[in-house]
Amino acid sequence: MSVTLSIIYLIATVTFIVGLKKLGHPDTAKSGNLIAASGMGLAIVGTIFIHDLEVPTIIYVLIGVAILVGSIIGWLIAIKVEMTKMPELVSLFNGFGGASAALIGIVEFGNADISATSASIVATILAAIIIGAITFSGSLMAYGKLNGSVKSVIKIPQYNIVNNIFIIGVVALAAYLVATGIDSSILLYALVAGGLVYGVLFVMPIGGADMPVVISLLNSLTGIAAAITGVLYDNMVMLVGGILVGSAGIILTIAMCVAMNRTLVSVIFGSFTATGGPESANKAMGSIKSTTASDTAIMMNYATNVIIVPGYGLAVAQAQHVIHELEELLTSKGVNVKYAVHPVAGRMPGHMNVLLAESNVEYDMLVEMDDINPQFNNTDVVLVVGANDVVNPAAHNDPSSPIYGMPILDVENAKHIVVNKRSMNVGYAGIDNELFYNAKTAMLFGDAKKVLTDLVSELKNM
Amino acid sequence: MEELIEFISNNLQIVYIIILAIFVGVELIKSIPAVLHTPLMSGANALSGVVIVGAILVMLHSDPTDYLALALGFVAVVLGILNVVGGFAVTNRMLEMFKKKK
């Protein structure tokens, strides 16, 4: 490898580290992203042009076309996608990265004279293929679950055992190939298929609420796949870049688990089990009280402190802009308004902040859970819009609940609670919420956008 | 086992780099506010697209008559660059929203 290319890779690696570091602070995040992106661009250009291989023009043309096509598609997806679809998008892109690693492994397996290649290189190739295939199909499965096209959460008995036996079988087949050095494309494709099937099996039983954790985990796996391919080519930028993503991804995964009070093991091996149907729970918990937009508007108009608790339902109804209008209107009437943002509000950590930022909500009006929880005592009205599990008191007082122990927003401490929901359906975790049956709670049924628009017009008339 | 020890001793440099990079990754991500988790995840996802470098190497090394290798390499480059460009672009879009409030 030429010295120039080595230096380029070194620079790119440093930009990755600096970029990730800067991404961790709100003020520098944007420049961090740009720095990492330019380092990546440098590494790509360097790889194409700086080498001493005799490469026919047609190959350059093909590489150029591939890069052009991929860039245009990637760019278009990135600028068109709705911010609510962010978790789906991350998992889709991640799946592409995994597929790329698997394809590289497949080609290298074909190119290598396996019987004459050292076992450690064969093992590296096979590892890239298996991990790449798992992240590809696992990410697509997560994508399907998030956008609702894959609905079923299959829970067959002993699922985990079946799953584990399957992956052990795949690894055993790989080990057999490494040990014997058999150059068999049939066995190779069996391995690819095994990885693909395991990716599906792995994500299938995991419940919707845990999906962000899975995406973060798969993201970290793609990093590891990239690093393994880096070992294969003795390529430092791939190796370090991949390991950085791998270890950072694991830490991020653990941070998300902590925010939901789940262990990684319980996310992977024990999916949420719904406790009783919503119907039976309704009877057990008592009656609900519903209210109207005009009553709520009056209540808010004469309140001193109002806290808005936004959830994913808000984003689904595309009501971020209306809620911003409501908040501005209340502020102009002298009401002290804040947003309480749960760390996992939305579909992944920090997602709600992105969604509200999109509709121009002031940064300092978003208060994080630990800071806002003591303030609910002095709050006159809490307006919960499209949030459910993150305000479920069962997390505090029902040890049998699957979300028991998860830190929640203590909205029940407020004087009045207004909950906007489309219906009495259960939340993402699939469990009932006793908050709705609280004597202080009034339900404001309807589509979030319509209800909020009504609230705004009622308030304007006061 | 012998193979493993041989691998480690032959690639001592790589083993050092891997271990140090793991620590750097952990330190970089520790204590990041939840607000930034989504952009961070998407930024890290874009970085994992570094696998594109390998995809390009595959194509550069391919024999122009080996159509299967070329086709697979081509798809690998398209998917890799999709991951890179899409990932960075969407992260930038998200962070842009945070910024204009200031």
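The backbone N, Cα and C atoms fix where each Cβ goes, and this holds for glycine too.
Residues or ranges marked as domain 'NADP transhydrogenase beta-like' in TrEMBL: A:7-457.
Residues 31-40, 42-43, 46, 50, 235-237, 240-241, 244, 248 of the same chain, all 6+ positions outside the transmembrane segment (A:6-24), place their C-beta atoms under 8 angstroms from a C-beta of that stretch. Annotation source TrEMBL lists transmembrane segment at A:6-24 (among others).
Beyond the transmembrane segment (A:31-51), the same-chain residues lying 6 or more positions past its ends with a Cβ under 8 Å from any Cβ of the stretch are 1-2, 4-5, 8-9, 11-16, 18-24, 60, 63, 67, 237. Taken from TrEMBL, the feature transmembrane segment applies to A:31-51 (among others).
Among residues of the same chain six or more beyond the transmembrane segment (A:57-77), those with a C-beta under 8 A of the stretch's C-beta atoms are 44, 48, 89, 93. The transmembrane segment annotation in TrEMBL covers A:57-77 (among others).
If you look up TrEMBL, you'll see A:89-107 (among others) marked as transmembrane segment. Sequence-remote contacts of a segment are chain residues at least 6 beyond its ends whose Cβ falls under 8 Å from one of its Cβ atoms, and for the transmembrane segment (A:89-107) they are 74, 77-78, 81, 125-129, 131-140, 142-143, 146, 188, 192, 195, 215, 218-219, 221-222, 225-226, 228-229, 232, 348.
Under the heading transmembrane segment, TrEMBL lists A:119-140 (among others). Counting only same-chain residues 6+ beyond the ends of the transmembrane segment (A:119-140), those with a CB under 8 A from a CB of the stretch are 91-92, 94-106, 108-109, 112, 170-171, 174, 177-179, 181, 188, 191-192, 194-200, 202-203, 214-215, 218, 221-222, 224-225, 228-229, 231-232.
Feature annotation from TrEMBL assigns transmembrane segment to A:161-180 (among others).
Sequence-remote contacts of a segment are chain residues at least 6 beyond its ends whose Cβ falls under 8 Å from one of its Cβ atoms, and for the transmembrane segment (A:186-206) they are 102, 106, 109, 126, 129-142, 145, 152-155, 159, 162-163, 166-167, 169-170, 173-174, 176-177, 214, 267-268, 271. Residues annotated as transmembrane segment in TrEMBL: A:186-206 (among others).
As annotated by TrEMBL, transmembrane segment applies to A:213-233 (among others).
If you look up TrEMBL, you'll see A:239-259 (among others) marked as transmembrane segment. Tertiary neighbourhood of the transmembrane segment (A:239-259): same-chain residues 12-13, 16-17, 20, 212-213, 216-217, 219-231, 267, 343-344, 348-349, 407, selected by CB-CB distance under 8 Å and a gap of 6+ residues from either end.
Tertiary proximity for the transmembrane segment (A:213-233) is limited to same-chain residues at least six positions away from its ends with a CB under 8 Å from its CB atoms, namely 87, 90-91, 94-95, 97-98, 101-102, 104-105, 108, 121, 124-125, 127-128, 131-132, 134-135, 138-139, 142, 203, 206, 239-250, 252-253, 256-257, 260, 262, 264, 267, 348.
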